[in-house]
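These features come from TrEMBL:
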REGION    1-23  region 'Disordered'
COMPBIAS  8-19  compositional bias 'Basic residues'
DOMAIN    20-65  domain 'H15'
Amino acid sequence: MTETASAKPKKVSKPKAKPTHPPTSVMVMAAIKALKERNGSSLPAIKKYIAANYKVDVVKNAHFI
């Protein structure tokens, strides 16, 4: 019974590709500095800046921003 369970071949996982963009915290700080708004930058403005300059899917990374 244990032989059949251990007879399954193990899956070989491919190494994950490194992202071509910097970490999200660095992108957000760059967006805030570049937007230069006196009262702070809005979330939609930060997302728009990140999407335009880093070519990142903002919907997937929304919980990091």
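One is the number of the first residue shown, and numbering goes on along the chain from there.
Any Cβ shown, glycine's included, is placed from N, Cα and C.
The average pLDDT computed for the domain 'H15' (20-65) is 87. Note on the domain 'H15' (20-65): DSSP counts are 24 helix, 0 strand, 22 coil.
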